[in-house]
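Visitor: Below you will find the structure I want to go over with you.
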Amino acid sequence: MTHALELRNLKKSFGSVEIIRGVNLDLRQGERHALIGPNGAGKSTLFHLISGRIAPTSGEILFQSQNIAGKPPAEIVRAGLSRSFQITNIFPQMSVLDNLRCAVLWKLGHRYSIFRQTPTLPDVAIECERLLDQLGLTRRAHDTADSLTYPEQRALELGLAVASGANTLLLDEPMAGMNHSETEAALQLIMKVTEGKTLLMVEHDMGVIFEMADRISVLVYGQIIATGTPQEIRANRAVQEAYLGTSEEDAA
Amino acid sequence: MSVSTLDTPAPSANTRLTAALPWVAITATLIVLPLLFSSNSMISTLNYLGTMAIFALSYNVLLGQTGLLSLGHGTFFGLGGFIATHAILHMADAGVSFPLPLIPAIGGFGALILGFFGGWLASGRGGMPFAMITLGLAELVYAAAALFPSIYGSEEGVSFDRMDLGASFGMDYGPTVDIYVIIAVWFLICAGVLYYFSKTPLGLLTNAVRDNAERIEFLGFSARRVRMLAYAIAAAVAGVAGSLAALNFEIMTVNEMGATTCMLVLLMTYIGGTKHFFGPVLGAIVIGLMKIWLSDISPAWMMYFGLLFIFVVMVQPAGLAGILMDGIALLRSGSVGAQAPLLGLIGLAGAFALTGTIILIELAYRAGLDATLGPQITVLGLPLSTASVLSWGLGLICAGGGVIAMRPLFDRLATLRHSLSKGETA
């Protein structure tokens, strides 16, 4: 079994405080893997480490057998690992279409080109058309991103991560702040646009996690205390003690 | 769902025509202007406005497009001018024949190379660090210029004769109008290139860096590289503008790249409007004319300059171009008739406030700075005196009355517009 992503004894300290305390985790090719854990467990920090936003103190991050620990975000994206953000992180004054154009320019090889006008590039137009259709944003293509509704902004946030062409995606709470019906729609959207890709996702909604995840890892105080199928995690006593017992009541 | 509304690879002839329309209008204006204003001093004014317009357009690549506040853009204007000056001097000395209209290409290319270097130093981060580094670089170059009098000249600068390179393209470059032709053509080239640039992938990425520099990194790009390229391109066009200024005045001084030039381009661009492509051109024209004409008729012209800046910042952050666009939108809305009485009253109140302000400023300048000229002064055709309470009272009443009347009028306008928009939807 080849691993899409492998974390080996990953550590991160801020000053004398160790936030990530030796994380070991592997992502199988094509699986949907959920990362859960109580607030402050270090889930977002772990995402920042993998995506290059911050550099780890020690340990290895193997992406397709290459150590990407400490590399800048742009290099990690080009290697095929992209992410979305918990707090919507789009280009607010630009149109939805221009947001997506930015995201597809690198993979289509146009990079920093100054020799063609972007609207006249047929491959960009076709790719953006496809993405807009998938995300259900076709009618909003020419509206500025900050005029979108919250679920639409979240869809665009997801779209930027997908558009970069990466085969492995890190999604940081894609349903954060959504109501029940919006969550359901967002779940369908994520399943649709990430088909065939490897997925690591932080999520708090247990319903969502048990519905979509192939495997679940539980992060508590900077360490993975269990990894397994949803059934195994549900039955795991350590997890129940640390986390699930209270959360399931909350969810119910 | 069909997405035929998206930009398609082959735009129809019709959309191409509308896109070309502003350019045709600008070209026509550039041809007509010297025919309308044919006196030597007017052509000279047009030349100055043209170079400033190019300069402001180049600055907007940084300010409006990439969201970078450079406090040292004047450096490249000056360096481009000096490169052009020395190119002319050396080629004239060596007896090389080189067409004068192509000299700005040399100045622009030199500024491009220097811009890459400066951009490499300055573009690690945006915002405050960028502004401070550009300010530092500008001061550095300005201070260093004093160490090389052979390059930058001393107090009196470096002068040359633009006719030394000989005639080309059927012009000998003696008359000012020959320089007008060069500046007009370069204006079209620079505006065209910068407009094209804004539509390219790199142009799109500069907007992305302005909006959210961090996210662009997570899409595979280096925000630093984008900033550096934008900086170099802006520097190159500023270098062209500086070269044209040198051709126009036949002299280049160190002051041309000092803090005053850096501030001037920032004010022109901001007042004109950073959100519209031609906003900076508008700002360059308005500020340029104020500088030339207002400084002739009033000692307080810097004061008006500052007031205009404050007015624009407070009323319409999109600048004069934004105010113009609002006006056009109003005309198109079809409700001008209903709004006209109120707008007229607001205009009247504004005129009163402006008149009062001008009277007060002129009186204050006469009473203070120019007291030796005596108390009698004519302002806007009114015979006033700094010794008369009546004069000061008139100014105060006009200014105060205009400002006080403004608020209820604007409230009424807001109410009217609200009811109008309701009527539309009903």
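Every residue, even glycine, has its Cβ placed from backbone N, Cα and C.
Nobody curates TrEMBL annotations by hand; they come from automatic prediction.
The feature transmembrane segment is assigned by TrEMBL to B:20-38, B:45-62, B:68-89, B:101-122, B:128-152, B:173-197, B:228-247, B:277-294, B:301-325, B:345-365, B:377-406.
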Visitor: Mind checking which residues reach the transmembrane segment (B:20-38)? Cβ under 8 Å, same chain, six or more beyond either end.
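Guide: Sequence-remote neighbours of the transmembrane segment (B:20-38) are 45-46, 177, 180, 184, 187-188, 191-192, 278.
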Visitor: Go through the chain and flag residues at least 6 beyond the ends of the transmembrane segment (B:68-89) whose CB is under 8 A from any CB in it; none is fine as an answer.
Guide: 55, 58-59, 62, 98, 100, 103-104, 106-108, 110-111, 114-115, 118, 122, 126-127, 130-132, 134-139, 141-142, 151-152, 158, 160, 162, 164-165, 210, 227, 230-231, 234-236, 238-243, 245-247, 252, 254, 256-266
Visitor: Take the C-beta pairs under 8 A between the transmembrane segment (B:173-197) and each of B:45-62, B:277-294, B:345-365, B:377-406. Which stretch has the highest count?
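Guide: The stretch with the most contacts is B:45-62.
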Visitor: What stretch of B:101-122, B:128-152, B:228-247, B:345-365 shows the most Cβ pairs under 8 Å to the transmembrane segment (B:45-62)?
Guide: B:228-247
Visitor: Taking B:101-122, B:128-152, B:277-294, B:345-365 as candidates, which has the most Cβ pairs under 8 Å with the transmembrane segment (B:228-247)?
Guide: B:101-122
